[in-house]
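Participant: Please see the structure below; I have some questions.
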Amino acid sequence: MVTIVLGAQFGDEGKGKITDLLSQSATLCCRAAGGHNAGHTIVHDNITYDFHILPSGLISPDCVNLIGSGTVVHVPSFFKELDALKAKGLKEADKRIFISDRAHVCFDLHSVVDGLEEADLAGKKVGTTGKGIGPCYSDKASRRGVRIGEVLEEGVAEDKLRSLEAGYRRRFGELQYDLEDEVKRFNEYRTKLQPYVVDQMAFLEKYRSCPSVLVEGANALMLDIDHGTYPYVTSSCTGLGGAIQGLTLNPTSIKSIVGVVKAYTTRVGSGPFPTEQINDIGEKLQSVGREFGVTTGRRRRCGWLDMVMCRYSNAINHYTTINLTKLDILDDFDEIKVAVAYKLDGRRLESFPAQLEVLDKVEVEYVTFPGWKSNTMGVTRWEDLPVNARRYVQFIEQEMGGVPIKWIGTGPARTHMIEREV
């Protein structure tokens, strides 16, 4: 049976920790979509691991890992990340990681084009990670991309890469890019990649009846190309639909869908953010929460928890349980606000609006809670949380339509987690 872990906000919710926890009992852990633009950190046995394209199930010694067909893979980053994990003690990691032959290749060329396209947008920049993800998915949609399996065929990837470069040169003029160097490296990767590349359909068939498959979502629902705050989104389907599509999942095999919700809201890059606090509150959340992007190092914008957004996310992803993260970051606040509705011209909106112009104008309606002003770092039992912290959690549960909050994160370590009976 399949468990899917999905971000409910703008990403950076802390999905890696619950994925790490669940992967301990998983036979197979999969990434379905996205690329090395994603990023999360896991602390295990006092060692900090940073993940981008690799599934975090690699930390579990008995878990096999797959990068699925809906992803885009920057091959140098794949090997660099794998080498970093091995250097930190995961010696057999390279024996437990595989890539779908249908995943697409993200070239250095795509990163160059990403920067040029952002520059063209001038004052309306999306705020991408600059990793080339958007141009890579564009090439995929335009049917001119290169699949991982094609790297293994002599001359195929090279011919397509040369064609891509010529097309971009016609569009942008001379590029700050060394085509021959990338061609040379991919000729070398042809042999190096061979042990990792699999036919996804045949590979997954072997695990069809296994009791525990874990799907690790990247980014989050509000960055989804269809359902997020378009155009300030990533270029892949980051919700439930993307997981099913990218891994050819049978929907009837899905046992649980875990929505990961940070106890406040953060966002990297540009785009609407109704509950953002551009004040001392936002600065405090940023500082105490150490809100810097794992992939880019950029400061994250911070604000109060937005239940309008979370309810919308739930309506699309159909969570069966919630993992609430970073509750301890709110320990020292006198009062804590939660957004429960948006108003436009004095009228409550029925749902999360699609139009950016509307989002920019909404008035946010908050419910204010008294803070608990005590240390919850490392708390592992529900009854040991302060009363006001428990009330905060229960209110979120109520606002999510009764979807139970099964896990509550109270610190960075794997052991800093409350697991409730729900």
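The backbone N, Cα and C atoms fix where each Cβ goes, glycine too.
Okay, these came from Swiss-Prot:
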type: BINDING; residues: 11-17, 39-41, ARG300, 326-328, 409-411; note: GTP binding site
type: BINDING; residues: ASP12, GLY39; note: Mg(2+) binding site
type: BINDING; residues: ASP12, GLU13, GLY14, LYS15, ASN37, ALA38, GLY39, HIS40, THR129, ARG143, ASN219, THR234, ARG298; note: IMP binding site
type: ACT_SITE; residues: ASP12; note: active site, proton acceptor
type: ACT_SITE; residues: HIS40; note: active site, proton donor
type: BINDING; residues: VAL294, THR295, THR296, GLY297, ARG298, ARG299, ARG300; note: substrate binding site
Participant: For the binding-site residues listed here (GLY11, GLY14, GLY39, GLY297), which one has the lowest count of neighbouring CB atoms within 10 Å of its own CB?
Facilitator: GLY297
Participant: In whole Å, how far is ASP12 (Mg(2+) binding site) from LEU327 (GTP binding site) when you measure between their Cα atoms?
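Facilitator: Distance (Cα to Cα, whole Å): 14 Å.
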Participant: Say you check the Cα of ASN219 (IMP binding site) against those of the binding-site residues GLY11, GLY14, THR41; which is nearest?
Facilitator: GLY11
Participant: Roughly how wide, in whole Å, is the group ASP12, GLU13, GLY14, LYS15, ASN37, ALA38, GLY39, HIS40, THR129, ARG143, ASN219, THR234, ARG298 that binds IMP, by largest Cα to Cα distance?
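Facilitator: This binding site's residues have a maximal Cα-Cα distance of 34 Å.
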Participant: Kindly assign HIS40 (active site, proton donor) to one of the three DSSP-derived states: helix, strand or coil.
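Facilitator: In the DSSP reduction, HIS40 (active site, proton donor) maps to strand.
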Participant: Please tell me which one of the binding-site residues listed here (ASP12, GLY14, THR41, GLY297, THR410) sits closest to THR129 (IMP binding site), measuring Cα to Cα?
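Facilitator: So, spelling it out, the nearest of the binding-site residues is GLY297.
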Participant: Using a Cβ cut-off under 8 Å and a sequence separation of 6 or more, which residues in the same chain sit near ARG298 (IMP binding site)?
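Facilitator: In sequence order, VAL268, GLY269, PHE292 meet the Cβ cut-off.
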Participant: What's the most sparsely packed of the recorded positions LYS17, HIS40, ARG299, ARG300, counting other C-beta atoms within 10 A?
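Facilitator: So among LYS17, HIS40, ARG299, ARG300, the recorded positions given, the one with the fewest Cβ atoms within 10 Å is ARG299.
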Participant: Compile a sequence-ordered list of residues in the same chain as THR410 (GTP binding site), six or more apart from it, whose Cβ lies below 8 A from its Cβ; state 'none' when nothing qualifies.
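Facilitator: Result: LEU327, ASP328, THR376, MET377, GLY378, VAL379, THR380, HIS416, MET417, ILE418.
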